[in-house]
Amino acid sequence: MISHRNAIANIMQIVTYESTYQSDEPELCLGVLPQSHIYSLVVVSQASIWRGDGVVVLQGFELEQTLLAIQTNGIKRLWLVPPMLVAITKAPRIVESYDLSSVSVAAVGASGISKDVMATFGELLPACKIIQGYGMTETTGVVCFGNVEDSMDGSCGHLYPGYEARLIDGEGKDVESHNTPGELVLRSPSVVIGYYNDESATSEAMMDGGWLRTGDLVEIRQSEKGHEHVFVVDRVKELIKVRGLQVAPAELESHLILHPAVAEVAVIPVPDDRAGELPKAYIVRASGAELDEQVLRKELSQYVEGQFARHKHLDGGIEFLDSLPKTASGKMQRKTLKEKARTDAEARRQAREKAANGVHKVHVNGVKRPEKMEVFDLSSDDEDDD
């Protein structure tokens with residue numbers, strides 16, 4: 001449940017934070033994100049309008065249509081999600097055919113982006129600075145965002161004014177040192193009231209004293225200027241536990257997306273009797289990737305194995321899909337993929353069981369042998385012997 005106070009608080013937090021480095025002059029920004037999502041609703045539709053900025057609204061993200069809108073209108077600020085940024089970096093020839101010199105800032109939220117993707121984007125738009133942010137519906141939008149005056153690769157920036165933050169370990173104790181991961185817990189006037197008609201979920205997320213458990217594993221690191229930055233490692237619940245060792249899906253995804261044959265990727269855990277869980281990758285092939293699936297599967301496995309420790313290898317498999325399930329804001333729906341993995345595994349188990357049950361035992365001269373199997377029909381000579 002989001003109150004008017006929550007929404008107003010986050011708008012004021014955004015505008016106050018941006019006033020430390022942004023000109024008072026209104027600017028034109030890109031409105032390609034779905035406004036039904038909290039990120040676009042608060043940042044684009046509310047905070048930008050409150051500042052007096054103009055918003056060029058598009059019905060959805062289509063690469064060339066978006067680039068044309070930027071060129072035609074002289075858009076200065078891009079509000080994006082990572083899949084859009086990746087799409088731009090994967091089409092350098094198309095991007096270079098448009099005049100994007102007006103763009104000075106690309107603000108990216110919803111999930112992380114790799115250093116290599118940022119570098120490629122920087123080569124295509126050298127005058128544009130990328131800043132990353134972090135937020136969630138439960139905070140009515142944004143918690144922190146990068147600052148062009150003090151940036152760090154991979155950082156989600158600094159906490160917005162009005163936020164209090166703590167990191168806690170698995171036992172609920174405070175993490176008090178830099179560069180040490182812990183679950184982020186927050187307190188702010190923008191933190192929501194709770195979940196509608198769901199006291200159980202509300203009590204699970206809300207701690208005593210008005211603190212919200214985000215479920216995100218975070219580190220606090222200091223920049224060379226001495227400012228503290230928020231680094232999101234991964235979702236606590238999405239960490240894959242392989243033989244007691246933790247694997248962050250985002251780490252594998254940020255590496256796999258750099259392969260030229262990969263357009264999109266999501267890594268999830270699949271159960272394993274020996275290891276507990278194993279990483280599995282769902283991949284959308286890039287257009288023009290013509291390798292046979294088996295060949296590409298082997299190549300991608302080796303691509304990971306050459307970079308990561310043994311427990312991070314894709315021993316759960318690689319599966320190719322036409323598309324990956326995402327929310328309207330572009331965030332990957334891992335729950336849907338996990339359910340698909342469970343359903344597929346159950347279907348394979350039932351198929352094996354059905355095949356086994358299709359083998360009937362009969363006695364022939366005191367010796368048991370198969371009479372019929374689902375896959376193979378026994379010869380008529382064998383049937384005559386019966």
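Every residue gets a Cβ built from N, Cα and C, even glycine.
Record features (Swiss-Prot):
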type	residues	note
REGION	62-132	region 'SBD1'
BINDING	Ala107, Val108, Gly109, Ala110, Ser111, Gly112, Ile113, Ser114, Lys115, Asp216, Arg235, Lys331	ATP binding site
REGION	133-195	region 'SBD2'
BINDING	Thr137	substrate binding site
BINDING	Arg243, Gly244, Leu245, His313, Leu314, Asp315, Gly316	CoA binding site
REGION	352-386	region 'Disordered'
Nonlocal neighbours by CB distance (under 8 Å) for Leu245 (CoA binding site), same chain, sequence gap 6 or more: His311
Arg235 (ATP binding site) CB neighbourhood, other CB atoms within 10 A: 17
Length of the line joining the Cα atoms of Thr137 (substrate binding site) and Arg243 (CoA binding site), in Å: 33
Within 10 angstroms of Arg235 (ATP binding site), Cα basis - binding-site residues out of Arg243, Gly244, His313, Leu314, Gly316: none
From binding-site residues Gly244, Leu314, Asp315, Gly316, the one whose Cα lies nearest Ile113 (ATP binding site): Leu314
Ala107 (ATP binding site) versus Arg243 (CoA binding site) - Cα distance in angstrom: 38
Length of the line joining the Cα atoms of Lys115 (ATP binding site) and Leu314 (CoA binding site), in Å: 22
Across the region 'SBD1' (62-132), average pLDDT on the 0 to 100 scale: 90
For Leu314 (CoA binding site), nearby residues of its own chain (Cβ under 8 Å, 6 or more apart in sequence): Leu252, Val267, Leu278, Pro279, Lys280, Ala281, Leu300, Ser301, Val304
Candidates Gly244, Gly316: member of the binding-site residues with the richest Cβ shell (10 Å): Gly316
Position of peak Cβ density within 10 Å, selected from the binding-site residues Lys115, Arg243, His313: His313
Surrounding CB atoms that lie within 10 Å of the CB of Gly109 (ATP binding site), all protein chains: 26
Other C-beta atoms that fall within 10 angstroms of the C-beta of Asp315 (CoA binding site): 17
Protein Cβ atoms within 10 Å of Ala107 (ATP binding site), excluding its own: 23
